[in-house]
There are 4 protein chains.
Amino acid sequence: MIRLLMIGDIVGRPGRRAVKDNLPGLVQEQSIDFVIANGENAAGGNGITREIARELFACGINVITMGNHVWNKKEIINFIDNEIRLIRPANYPPGTPGKGYGIYNVNNNVRIGVFNLSGRIFMPELDCPFQSAGAILPLLKEKCNIILLDFHAEATSEKIALAYYLDNAISAFCGTHTHVQTADERILPGGTAYITDVGMTGPYESVIGVKKELVIEKFLTQMPRKFEVAAGLYQFNAVRIDIDEETGIAENITRIQNFE
Amino acid sequence: MIRLLMIGDIVGRPGRRAVKDNLPGLVQEQSIDFVIANGENAAGGNGITREIARELFACGINVITMGNHVWNKKEIINFIDNEIRLIRPANYPPGTPGKGYGIYNVNNNVRIGVFNLSGRIFMPELDCPFQSAGAILPLLKEKCNIILLDFHAEATSEKIALAYYLDNAISAFCGTHTHVQTADERILPGGTAYITDVGMTGPYESVIGVKKELVIEKFLTQMPRKFEVAAGLYQFNAVRIDIDEETGIAENITRIQNFE
Amino acid sequence: MIRLLMIGDIVGRPGRRAVKDNLPGLVQEQSIDFVIANGENAAGGNGITREIARELFACGINVITMGNHVWNKKEIINFIDNEIRLIRPANYPPGTPGKGYGIYNVNNNVRIGVFNLSGRIFMPELDCPFQSAGAILPLLKEKCNIILLDFHAEATSEKIALAYYLDNAISAFCGTHTHVQTADERILPGGTAYITDVGMTGPYESVIGVKKELVIEKFLTQMPRKFEVAAGLYQFNAVRIDIDEETGIAENITRIQNFE
Amino acid sequence: MIRLLMIGDIVGRPGRRAVKDNLPGLVQEQSIDFVIANGENAAGGNGITREIARELFACGINVITMGNHVWNKKEIINFIDNEIRLIRPANYPPGTPGKGYGIYNVNNNVRIGVFNLSGRIFMPELDCPFQSAGAILPLLKEKCNIILLDFHAEATSEKIALAYYLDNAISAFCGTHTHVQTADERILPGGTAYITDVGMTGPYESVIGVKKELVIEKFLTQMPRKFEVAAGLYQFNAVRIDIDEETGIAENITRIQNFE
Ligand SMILES: [Fe+2]
Ligand SMILES: [Fe+2]
Ligand SMILES: [Fe+2]
Ligand SMILES: [Fe+2]
Ligand SMILES: [Fe+2]
Ligand SMILES: [Fe+2]
Ligand SMILES: [Fe+2]
Ligand SMILES: [Fe+2]
């Protein structure tokens, strides 16, 4: 059995502190074999830098996935092609910097395929995630028994539909992007571990990571506000997934919420 | 102390069966004083009829709230003005049939105000929910210590921002619409019970209530599909909220998920 | 020189009457060689039937293009695969019924390629029109000197950007969908005839073809209204384009507006 | 008779040069009495500064209207409350800096009311423009016979519907925002001069004012691009409207397109 940990969108400094404080202990106490984390908000709330990626890898994260904020820190273009542990949504157009999936070794003898897709409902106009998944899966299945998808999307309908579409073809389907953990974690009929959204790892008293006063003012005035990551105590949101490495079938998915 | 139950979007026949099977027992065993339910999908997946509203009241629901599907069954226009236990989003334009709030007696001696608002992010163009809340609150506060809002909205940012905006001014803020229960129930700093989404009371193996094959086909083909409520076993999603009737402050919010 | 006529979205009975009344005379008096028309609203305001397609071909239309309303009359699925003169947006997913382009003979000795694409900004989630155009163009260029695109899209930025992208690669770029003719017809620097929107061929006193009272009521009440095609006098909107059949370069584009 | 000129969205330096080159001559040769211009893109493509507003007033513009880019240059907040010749969409929430309408003297003896509204379809979430128009009109009608609206909106349906709704209540309805002039200028049945979009006054070879290469690259890559105003020759887009100052009825609307 392989035990994965998927961490929800890490937001800014409080999110990184949450990872540093929680991850090493979790990995040891819960015998985690492999850690994936969504890092699209890791640098100041949006995007990621080389330094911050290194910082996260150093905490024990094995693969960083991204989302609609992937390009917010422009320097990512300089290192994403050389950093195979950092992937971005695979349904960006052909020719986009970086890769949408990777194959990694776990415990030296097991291979895990991780891919990242973005939704299209209420999101930027990317290639169809259903078609993209169909194109990537054969490449991964050829080499890996265990496959995890980070589907970064807004609409619950798109997330659940893609999960059923991929049920049995992948081991784990983790939704991200809304920054709120959902309470619908389960094993789908075909054996895929599922959750609509893993949630956010970032400031607790905030509007999805942002200072609440700024967001309220934005809604009240409809005038532009520069958003800032909220300060204060953090929350750490993740799911732990157990997968049979022979069959790729998930046996368990458990939600994790730690608070500072 | 007053104990409320808020039931998430009731979808079609499986959702109504879930209410019939679960509600009477819950009310008795958990000493529920008052039951609110979102009924925008109660009739065949969209809208509500007079007969179905009566059916739901007969099960023990005291107030039905609605959402973007409020007008899908046209006959609602014939009875919504005479049925004070059925409210629709208050931020429809002035002159819209029905009411956006109501004041009800609980246990003969306590009054509870319930109001319903719709979000605007990725939703129809209604009046501003922040402004609408500001206009309704004084009317309710004059007469009630306990106030509950069903905020029917898509974006987590809009839901959390409005909740912080209303924190301490209302007793309970229950999000609906995404049909997926979130795991972020809590008491906000000012004493308002909060959950981003109560979830759905409807068919379990489904895409937010709809037959999964139809939704998958819609995403794959981008051609119109007539959606049908899925058959099979149900899930029942709700939250239980305890409120001090003197202060209107919430003391506890607990998620409930029952499965057939 | 080949002279094309492109007719904007034909809406319902008034639109078809406009075609019958205007097209034969125009073809003769202005020596039109080939007629393309957008027919997505030809049947009762949305979609097209076999009978109405035949009616339009009988009036002298050589090719019918479609748009977001292509599937509204379901019977189109029964005949679109056998009717090469009827095309739908090429950027529907692979496997969709019908074709997104066709090659036709003009005056027995010249071949014209016609293709149809849908925009994605404020529109359904189809494949990328820029990528789709790039895939189709080589197929058409191999066989035709003259190529016309009906780009059915909402946002002016997407229309103008795609036109510059295709400038010199195609002979004519005709925008449709907004139902309002634009006054920016021109020859782009590379020789492509361009207009952001050809406009609508349908009822004159209407909101883009629909009874104005119904649309106003919809905006005032935000409640659903069944839209009906407006009655009364028609307007006929089209552009006439002259193309050098050796080079495929456009020499002229002229707007046409006829009123009943 | 009063003769108004309404200039479409002035974009950056090329747009301002177009105003300087064209406006004084037009005013004199065509006996223009009053000039309104949309200035939401006047400063570097987005927003307006105090200096640029002064520059435009010095060219002969009497009133500047705005749109969704009103707040892009933050300094506007410092002077909009003291500059009655600069108005922003009236359907921003109550309490927003600036005003949504103004009353001005023309030729010393006639008063004209000008108001500005933003659409909501595919646009930011403002108050309902139909309701806002209904609230403002009595204030203007009490003091002015002549009323002009700049309706800054994307969807043709919303523009035409609001125009019919206001037909006969105002003298002129000028759409802006799409940056493409439409060819549907007319007098509505009730006497209101109408055009769906006045168009753009800015760089000719551009995608609605922006360097075309940048916009094409944005569509091809779906990666963020910093947009820059295109250089090169300008186009000047406007409409001239003649209004009977006794009745407020429009007698004529004429499109104007000048090219460098
Ligand atoms: Fe995120
Ligand atoms: Fe995101
Ligand atoms: Fe619902
Ligand atoms: Fe809903
Ligand atoms: Fe159309
Ligand atoms: Fe269309
Ligand atoms: Fe503009
Ligand atoms: Fe604009």
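Using the three backbone atoms N, Cα and C, a Cβ is placed for every residue, glycine included.
These features come from TrEMBL:
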- A:Asp9, A:Glu40, A:Asn41, A:His179: Fe cation 1 binding site (BINDING)
- A:Glu40, A:Asn68, A:His152, A:His177: Fe cation 2 binding site (BINDING)
- A:His69: active site, proton donor (ACT_SITE)
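The two recorded residues, A:Glu40 (Fe cation 1 binding site) and A:Asn68 (Fe cation 2 binding site), have Cα atoms 7 Å apart. A:His179 (Fe cation 1 binding site) falls within neither a helix nor a strand when secondary structure is assigned with DSSP, and so counts as coil.
If you count neighbouring Cβ atoms within 10 Å for each of the recorded positions A:His69, A:His177, the highest count belongs to A:His177. Using a 10 Å Cβ-Cβ cutoff, A:Asn68 (Fe cation 2 binding site) registers 20 neighbours. Excluding the listed site residues A:Asp9, A:Glu40, A:Asn41, A:His179, the same chain places A:Gly8, A:Ile10, A:Val11, A:Gly15, A:Asn38, A:Ala42, A:Gly67, A:His69, A:Thr176, A:His177, A:Met200, A:Gly202, A:Ile208, A:Gly209 with Cβ atoms within 8 Å of the centre of the Fe cation 1 site Cβ atoms.
Geometry remark: A:His152 (Fe cation 2 binding site) versus A:Asn41 (Fe cation 1 binding site), CA distance 12 Å. With a threshold of 8 Å between Cβ atoms, the recorded positions A:Glu40, A:Asn41, A:Asn68, A:His69, A:His177, A:His179 that neighbour chain B are A:His179. Nearest by CA distance to A:His177 (Fe cation 2 binding site), out of the recorded positions A:Asp9, A:Asn41, A:His69, is A:Asp9.
Separating the Cα atoms of A:Asp9 (Fe cation 1 binding site) and A:His69 (active site, proton donor) is a whole-number distance of 11 Å. If you take the C-beta of A:His179 (Fe cation 1 binding site) and look for same-chain residues 6 or more apart in sequence within under 8 angstroms, you find A:Gly8, A:Asp9, A:Val11, A:Asp197, A:Gly199, A:Met200, A:Gly202, A:Ile208, A:Gly209. Close to the recorded Fe cation 2 site, the chain also has A:Asp9, A:Asn38, A:Met66, A:Gly67, A:His69, A:Val70, A:Pro89, A:Ser118, A:Met123, A:Ala153, A:Thr176: residues not among A:Glu40, A:Asn68, A:His152, A:His177 whose Cβ is within 8 Å of the site's Cβ mean position. Between the residue listed as 'active site, proton donor' and A:Asn41 (Fe cation 1 binding site), the C-alpha separation comes to 7 Å. When other Cβ atoms within 10 Å of the Cβ of A:Asn41 (Fe cation 1 binding site) are tallied across all protein chains shown, the result is 29. For A:Asn68 (Fe cation 2 binding site) paired with A:Asn41 (Fe cation 1 binding site), the C-alpha to C-alpha distance reads 10 Å. In this structure, the binding-site residues that sit close to ligand 2, with a C-beta under 6 angstroms from any of its atoms, are A:Asn68, A:His177, chosen from A:Asn68, A:His177, A:His179.
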